[in-house]
Structure formats: structure tokens, C-alpha cells
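As recorded in Swiss-Prot:
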type: SIGNAL; residues: 1-23; note: signal peptide
type: DISULFID; residues: Cys65-Cys76; note: disulfide bond
type: CARBOHYD; residues: Asn75; note: N-linked glycosylation site
type: DISULFID; residues: Cys115-Cys123; note: disulfide bond
type: CARBOHYD; residues: Asn119; note: N-linked glycosylation site
type: DISULFID; residues: Cys125-Cys148; note: disulfide bond
type: DISULFID; residues: Cys196-Cys210; note: disulfide bond
type: DISULFID; residues: Cys198-Cys205; note: disulfide bond
type: LIPID; residues: Ser202; note: O-palmitoleoyl serine
type: DISULFID; residues: Cys281-Cys312; note: disulfide bond
type: DISULFID; residues: Cys297-Cys307; note: disulfide bond
type: DISULFID; residues: Cys311-Cys351; note: disulfide bond
type: DISULFID; residues: Cys327-Cys342; note: disulfide bond
type: DISULFID; residues: Cys329-Cys339; note: disulfide bond
type: DISULFID; residues: Cys334-Cys335; note: disulfide bond
Amino acid sequence: MWKIHNKLLIYILWIMEIRLVSSFTSVMLCGRIPGLTPGQRNMCREMPDALIALGEGHQLGAQECQHQFRGHRWNCSEVWQRNVFAHVIPTASREAAYTYAIASAGAAYAVTAACARGNISTCGCDVRHKATPTGGGTPDEPWKWGGCSADVDFGMRYARRFMDARELERDSRTLMNLHNNRAGRTLVKKMLRTDCKCHGVSGSCVMKTCWKSLPPFRLVGDRLMLKYQKAKTVQAVKGKRGLRLVLSRKKHAGTARAQKPVLDWPKRMELIYLEASPNYCERSLQTGSQGTSGRTCQRTGHGPQSCDLLCCGRGHNTQHIRRTTQCRCQFRWCCEVKCDECDESYEEFTCK
């Protein structure tokens, strides 16, 4: 289980105090959190309870990123140990694209969930899906809106304002981050589920009450991982409206239009990156890599966690481990469990 970094825990505890103190103290606390831009500090003062949800979203994103990359050379650990709300990774790589997208998705997800729980005073359930006197669906399957539908639009708006506020420069990296931020939070909205509950006598389903709910965040992480694998390289071009990112420059076939380039724009839901990924074999704070020395690997197999791939050709060490565990456990009436002690030995492989 991924553990919250000490700094993150301290920051969240600071923010939790805001609910119990005066507005003057809130201003002081928001001013003490490192990594915030002036715009983010203003948002903290205006709505401090939402910042608690953003801290939860940061944790969600960190846990999911580390789960998805747990067997890769780059395992998404170093970058989440820096300032909580500052830039999370400096290199404009494919991994940075995923990191920004999952962080933005986590922010939108957590704020939306906090609204549904009533933890943020300025939002609640989605009024567009509130209970209505008239039904819907078909005569065979009537239903109506009810319950508390997730107000994902509020979560997206707040996450956009807060996460995008740190992108102050108008350069290609900023455009990349903004694009991936949007892709992450938009995916949360697209993955909303419709849950229903049946009403009727003796288990019948005369009428269903339905509401919109958030999916498990693991599904969001899985979907973003697929987008990471299909992420597109972009380059910056300067046009009449300023700097923009394009996938590639293509030329029309035929002699008449052969010299006219065609700009291929990235799709809104695609993840994009500017730089090729480093190999992540060696420790580097600049790339967010801890290196692979000492990492546990699999001697057999050909996946990302295989010793051949993970150890970058340096080879691996083999350690013979022996331990005692409980085995052949039996329940005895009443009420205890008796177990034998068994010795087991196995080999563990770590990268040199």
C-alpha cells in the first residue's frame, strides 16, 4: 500500500484545521503551503474545504500511478514526493503525460466525491438529475432520476481552475500539460455510471430510481494507461493565434499542392508528449527516476519486470531466503484456529 509522504500528511492536516478556525487563520494556513501559485492561494482562501478534497485527489493519483507502473523501470514514486501542489515531473515525456492526466483526474474525482458527501459547502448533487415526478425509460422498464447524482461538472471546473493555475508560462510544455490535464478530468466525466435501484412488491421492479455515480478510480487509471500506451508525440508551431501543438506535418499528394503542409491536431482525449522517454536505468532527479538498482525482478518471463529488461543489462543478484510461516491451519470447536509451522525457501532476484 502506498503511504502518504510526510509533507503531504502535514499539509492535509493543516488544511483540515481550516474548518475549525477563523478566516484570519485560514489566510495564514493557505499562505504556508509550499508550491502554490498566487491564484491557487486565493482559491484556498475562498474555499478551504475543497483543498482537502484536492489533497485526497493527489493521494488517489499517486496510488494509481504507482500501481500502473509498479513493474516498470520508471515506477512513478520519486515525483510524488515533492511539493504536493507544484509541478510533478520536469521532463516532457510520455510518463509526464500520464502523471499530469492522472493527477487531474484524481482532483476532479475527489472534488466530485466530496460534493456528493456534503463536504464542500458550495456544491452538492447534480441538480440536472434530481428526483422528478415523471418517469422515463420505456413502459416495460420505467425509471426516474433520484438519489444523489455526482456533480462532476463542478469537480471538473474546480480541478481545471486549480490544476491549470500553475501553468503560468505560455510555452510548449505548458500547452502539453494543459492538454493532458483536460484529458484526465474529461475521462472522469465520460466514465460516469448510471446506477439504479428497483422499487416494487415482493422483489418486483415496478419502477427504478437511477442516479449518476463515479466509477472505481482503478478503472480510470486503467483507461489512462491504455491512452499512455497510445500517446502521441507533438511539436510546437507558431501561428496567427500563437503557439500550438501539432502531431506532425503532412503534405498533400500531387504536384499542385505538394508544398502546402497540413497540420494534424491531437485529439482532445489523447495523451501527448514532447520528448522521448529516457531509459530510466540510472537515478535522476531531473527525470523523476530512482534507477533500477536493487529493484526486485523476475528471472523468467519477458514483461517489463523481467530481470533482462528491468536491470538494463547489468545483470541481477540471487538471494536464497528461508522463512517460517503458518500452514495447515484448522478450525477447532470452539473457538480457536490451530496451525503448524512450515519452513519454506525461495529465491529473490534483484538488479545489480
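Numbering starts at 1 and runs along the chain as displayed.
For all residues, glycine too, the Cβ spot is worked out from N, Cα and C.
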Could you measure between Cys65 (disulfide bond) and Cys123 (disulfide bond) for me? Cα positions, answer in whole angstrom. 28
Measuring Cα to Cα, how many angstrom lie between Cys148 (disulfide bond) and Cys210 (disulfide bond)? 9
Output, ordered by sequence, the same-chain residues six or more apart from Cys123 (disulfide bond) with a CB under 8 Å from its CB, or 'none'. Cys115, Asp151, Phe154
Students should find that the Cα atoms of Cys297 (disulfide bond) and Cys210 (disulfide bond) sit apart, in Å rounded to an integer, by 47
In sequence order, what residues of the same chain, 6+ apart, have a Cβ less than 8 Å from the Cβ of Cys339 (disulfide bond)? Gln326, Cys327, Arg328, Cys329, Gln330
Would you identify the secondary structure of Cys311 (disulfide bond) according to DSSP, in three states? coil
Near Cys335 (disulfide bond), which residues of its own chain have a C-beta under 8 A away, given they sit six or more steps off in sequence? none
Argmin Cα dist to Cys196 (disulfide bond) over the recorded positions Asn119, Cys125, Cys334 returns Cys125
The one of Cys281, Cys312, Cys327, Cys334 whose CB sees the fewest other CB atoms within 10 Å, among these disulfide-bonded residues: Cys334
Of the recorded positions listed here (Asn119, Cys198, Cys334, Cys342), which is spatially closest to Cys311 (disulfide bond) when Cα positions are compared? Cys342
What is the interatomic distance between the Cα atoms of Cys351 (disulfide bond) and Cys307 (disulfide bond), given in whole Å? 7
By CA-CA distance, flag whichever of Asn119, Cys125, Cys198, Cys210, Cys342 among the recorded positions is nearest to Cys76 (disulfide bond). Asn119
Measuring CA to CA, name the entry from the recorded positions Asn75, Cys198, Cys205, Cys281, Cys307 that ends up nearest Cys342 (disulfide bond). Cys307
Nearest to Cys312 (disulfide bond) by Cα, among Asn119, Cys198, Cys205 (recorded positions)? Asn119
Sort the recorded positions Asn119, Cys205, Cys334 by C-alpha distance from Cys281 (disulfide bond) and give me just the closest. Asn119
